[in-house]
Amino acid sequence: MLDVKMIRQNPDFVKEQLGHRGVAASDIDDLLAADEKRRELIAKSEQLKSTRNQVSGEISQKKRNKEDASAEIAEMQKVSADVKTLDEERRTVDAQVQDMAAHLPNMPHPDVPVSLKEEDAVELRRIGTPRHFDFTPKAHWDIGEDLGILDFERGAKVSGSRFLYYVGDGAKLERAVYNFFLDQHEAEGYTEVLPPYMVTDESMYGTGQFPKFKEDAFRITTQDLTLIPTAEVPLVNYYRDEVIPAEKLPVYFTALSPAFREEAGSAGRDTKGLIRLHQFNKVEMVKFTKPEDSWDELEKLTNNAESLLKKLGLPYHVITLTTGDMSFTAAMTHDLEVWFPEQDKYREISSCSNCTDFQARRAHIQYRDDDGKLQFVHTLNGSGLAVGRTVAAILENYQNEDGTVTIPDVLVPYMHGKTKIEKQG
């Protein structure tokens, strides 16, 4: 959440910056009008409370002097009733201000490309050369089905569209990938966490999914809980309403979890394969840092994700997303996109974002600076990586003409020495 005081003091700047993210200037004006009304109500209430205290003193004095205080008592009762009315109105307006502020996205960093179009993203670097095939490469879903390691038909039978079974070496490959990821992150100083897969509305609010994207979530209505769309939610909320000791910063967390996505608005897109599912595994990285360190930590976070693709030998590039394409909470996002030969293009496999103090302000996560003053931490998150998409990229990039798939060298130990996936019996 943005600081309402900051918006009040810099309205034109905020309108310009959030305008780059598609926010109408009238939304800022409406927020400021409500904020002004709230402040007026507070001032009136405080003035009446001062009057009430003064009259209370007069009543006490008259009673000590055994004088008639009925007029003052009547006045104090009226003032108290007015204070109650004003405070109730203030609470209503305050809720309106908070709701308006909760729907505003984070301010973009000055280096973020200004555009509402995703195709205007800026490429930072390109690593690896796409493999030249002596045969026509197949799509990963065809490879997986031909080998008997991915079963989309039975997944749809049991759960509906955008679900599948990993079978045999398919399940082993998925497990090999995420264990490799977790081991690499642990070596980089991340603490592994096994988080809850269902969270409260307050947790979803803290990381910015609620209230704006509530319709996109899978809800457990009987318990008023939500299936997590990413492990970012429980990891960031680990420190909700807490003060992190400054000497502990930065804190690095990593977690494997399923991600549950409604994928509203994706009808007709990526209807086959592992790219867009309602349930998929993902290894997440989350950082809590001091504000002055967060931009360096974003580069480290991105490098952590990149190192996985390098070790897997998968061609990829890194892009900086535009102001209109970043996630709601991000001030800057670097996307890693891996090469898919059958599609002849790069597809997203990781998003690494600096959310500055946006989530920390919503979730009340703070630390004490050198002067002992409470400050909000900065939070960062990144996929490290999306497991299913990594499996898909391996199947396509390491496929052989005979239909088998060579296992990347770094995964062979995780596959108990197996170097190739062949058709299942």
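In case you wondered, yes, glycine gets a Cβ from its N, Cα and C as well.
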### Query
In Swiss-Prot, the residues THR230, ALA231, GLU232, SER383 are said to bind L-serine. Which of GLU174, GLU284, GLU292, GLU337 is said to bind at that same site?
GLU284
## Note on the structure
Simplified to three states, DSSP reports GLU232 (L-serine binding site) as helix
### Query
Greatest CA-CA distance (Å) over the residues ARG261, GLU262, GLU263, GLU348, ILE349, SER350, SER351 that the record ties to ATP?
19
### In three-state DSSP terms, the structure that SER383 (L-serine binding site) belongs to
strand
### Query
Relative to the Cβ position of GLU232 (L-serine binding site), how many further Cβ atoms are located within 10 Å?
31
### Near-site residues: L-serine, ref THR230, ALA231, GLU232, GLU284, SER383, CB cutoff 8 A to centroid
VAL233, LEU235, ALA255, SER257, ALA259, LYS282, VAL283, MET285, VAL286, ASN381, GLY382
